[in-house]
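Taking it in order: structure first as structure tokens, then the write-up.
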Amino acid sequence: MVPQALLLVPILGFSSCFGKFPIYTIPDTLGPWSPIDIHHLSCPNNLVVEDEGCTNLSGFSYMELKVGYISAIKVNGFTCTGVVTEAETYTNFVGYVTTTFKRKHFRPTPDACRAAYNWKMAGDPRYEESLHSPYPDYHWLRTVKTTKESLVIISPSVADLDPYDNSLHSRVFPSGKCSGITVSSVYCSTNHDYTVWMPESLRLGTSCDIFTNSRGKRASKGSKTCGFVDERGLYKSLKGACKLKLCGVLGLRLMDGTWVAMQTSNETKWCPPDQLVNLHDLRSDEIEHLVIEELVKKREECLDALESIITTKSVSFRRLSYLRKLVPGFGKAYTIFNKTLMEAEAHYKSVRTWNEIIPSKGCLRVGGRCHPHVNGVFFNGIILGPDGHVLIPEMQSSLLQQHIELLESSVIPLMHPLADPFTVFKDGDETEDFIEVHLPDVHEQVSGVDLGLPNWGEYVLLSAGTLIALMLIIFLMTCCRKVDRPESTQRSLRGTGRNVSVTSQSGKFIPSWESYKSGGETGL
């Protein structure tokens, strides 16, 4: 790129000096000299480059970069992540329910993401409800899976817009760049298959608010436009301009690095890919005003000198230097040969260094060769000193050159806001930090016995069941004891047989119940 400051194309433009501002103008072609009267002298209009005969000025509107515009153009957007929450329940024989939550991801659709974003921005409760975990269902002795899809919106997510090709740059994009946003495709892929990036506004061009409308004067000849006078009063040539789009707006990049959008019928080529434009900042505007003031001052000095010449009817070499054209283009050259005032048509070019026109002692280079002098006199106040050196009056005046150098130092190229292409997420932790899914972590929940009763009912039922079980145990133990006692008595009687003896009431020994019975019968 050859960044040349935008402003002094008149003073300094048309220079093929690799972007440097000229410090002087000198004819590269000089017509034949002819004598004139002092009343034919005139001061040039240094605010307009009268090149190629484009002297017709007409008002028009054009578009340029805003003052104070910063190269980084921020585009607000949001990320949309598709999340599937799965609830798995199992109910065992006694009614214990085990619930396990799992989370997976899916790639969302742009339309669904836009709807979810609108819900979130509007405070619609449907967005919050969509993030809740699914209500798990369950059935006895069965495993039940319940899934729910959610879209997690994270905003803002800011990307940098490249005004040259409308691409977006951010660390969330693959390789740090997204070029896919068009009318039909309004999203960007990210480093994660399940997350997409979308701009907050459907119209991406609204984020590129870097232009302003200005008024100026078009310099033309017929249908051809040679240049224009900008809003600040400086002339800018279209020579060497090329077509360049910024944020999709077609415009012209001038030789000094300025970008303007204007209607012209001129055939212009497209700029090379490496051509950038210069920023339009407050400092350059201030210096432009200083240069304009200096040009106006130079014109006033020229008019004062011209008035003095006409009034006194005398002219000097020093006064002729005020009549030199300060900008490139067609003009006049004046000199005095043998006490005769002479005039010649000339085409001025820019000079970057004094060595270009004074390569050696006594040599004034014009048109590629040393220009001859007449008795030590050249033209436009340039003379040959007594020591043989070429003397140029403007070599002693550096104020305008200081302004020009300040302007040159204030040129700031509008660079591509490229993000670091090597900053791509590689670690899992960085990935999770980027996603920031605002959902519960994967966890497992085991419930108590679920019989469909409230908590107090479950406690009453449990207490009653425990009491009934205790009473049942006591009853069974009692019954078991009563059954065991008669069985043991019968076994003992069967074991003695007839050897049982008893004692009667009279005190006699009776060997058996039968004997006792028969004796009783006898006694009776």
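Here the Cβ of each residue, glycine as well, is placed from N, Cα and C on the backbone.
What Swiss-Prot lists as signal peptide is 1-19, and the listing cites sequence analysis.
The topological domain 'Virion surface' feature in Swiss-Prot is assigned to 20-459; the stated evidence is sequence analysis.
For C43 (disulfide bond), the Cβ neighbour count at a 10 Å cut-off comes to 19, with all displayed protein chains included. Marked as disulfide bond by Swiss-Prot: C43-C302 (among others).
Annotation note: C54 (disulfide bond) sits in a coil segment as assigned by DSSP. Annotation for C54 (disulfide bond): spatial neighbours A219, S220, K221, K224, T225, C226, G227, criterion Cβ-Cβ under 8 Å with sequence separation of six or more. Summarising the annotation, Swiss-Prot assigns disulfide bond to C54-C226 (among others) and lists similarity to another entry as the type of evidence.
The annotation N-linked glycosylation site is assigned in Swiss-Prot to N56 (among others).
The annotation disulfide bond is assigned in Swiss-Prot to C80-C113 (among others) on the grounds of similarity to another entry. Taking a C-beta cut-off of under 8 Å and a sequence gap of six or more, C80 (disulfide bond) has these contacts in its own chain: P108, A112, C113, A116, Y117, L151, V152, I153, T195, V196, W197, M198. Classification of C80 (disulfide bond) by DSSP places it within a strand.
Secondary structure at C188 (disulfide bond), taken from DSSP and collapsed to helix, strand or coil, is strand. Feature annotation from Swiss-Prot assigns disulfide bond to C178-C188 (among others).
Taking a C-beta cut-off of under 8 Å and a sequence gap of six or more, C208 (disulfide bond) has these contacts in its own chain: I73, L161, P163, L246, C247, G248. Annotation comment: Swiss-Prot describes C208-C247 (among others) as disulfide bond.
In sequence order, L252, R253, T268, K269, W270, C271, P272, Q275 make up the list of same-chain residues 6 or more apart from C242 (disulfide bond) whose Cβ falls under 8 Å from its Cβ. Residues or ranges marked as disulfide bond by Swiss-Prot: C242-C271 (among others).
Around N266 (N-linked glycosylation site), the same-chain residues six or more apart in sequence whose CB sits under 8 Å from its CB are K224, T225, L238, listed in sequence order. Positions annotated as N-linked glycosylation site by Swiss-Prot: N266 (among others).
If you look up Swiss-Prot, you'll see N338 (among others) marked as N-linked glycosylation site. Summarising the environment of N338 (N-linked glycosylation site), the number of other Cβ atoms within 10 Å of its Cβ, over all protein chains shown, is 9.
The annotation disulfide bond is assigned in Swiss-Prot to C363-C370 (among others) on the grounds of similarity to another entry. The Cβ of C363 (disulfide bond) lies under 8 Å from the Cβ of C370, V390, each on the same chain and at least six residues away in sequence.
The transmembrane segment feature in Swiss-Prot is assigned to 460-480.
What Swiss-Prot lists as S-palmitoyl cysteine is C480, and the listing cites similarity to another entry. Its Cβ placed at the centre, C480 (S-palmitoyl cysteine) has 9 other Cβ atoms within 10 Å. In the three-state DSSP classification, C480 (S-palmitoyl cysteine) falls within a helix.
The annotation topological domain 'Intravirion' is assigned in Swiss-Prot to 481-524.
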Item to check | Long-range Cβ environment of C302 (disulfide bond), under 8 Å and at least 6 residues apart | outcome: C43, P44, Y322, L323
Checklist entry - Which of these recorded positions is closest to C480 (S-palmitoyl cysteine) if you go by CA atoms: C178, C188, N338? => result C188
Checklist outcome for this item: C178 (disulfide bond) falls, by three-state DSSP, under strand
Item to check | Spatial neighbour of N338 (N-linked glycosylation site) that is closest, considering only the recorded positions N56, C178, C188 and their CA atoms | outcome: N56
Item to check | Cβ atoms near C247 (disulfide bond) (within 10 Å, other residues, all chains) | outcome: 20
Checklist entry - Near N56 (N-linked glycosylation site), which residues of its own chain have a C-beta under 8 A away, given they sit six or more steps off in sequence? => result A219, S220, K221
Checklist entry - With every protein chain in view, how many other Cβ atoms are within 10 Å of the Cβ of C226 (disulfide bond)? => result 24
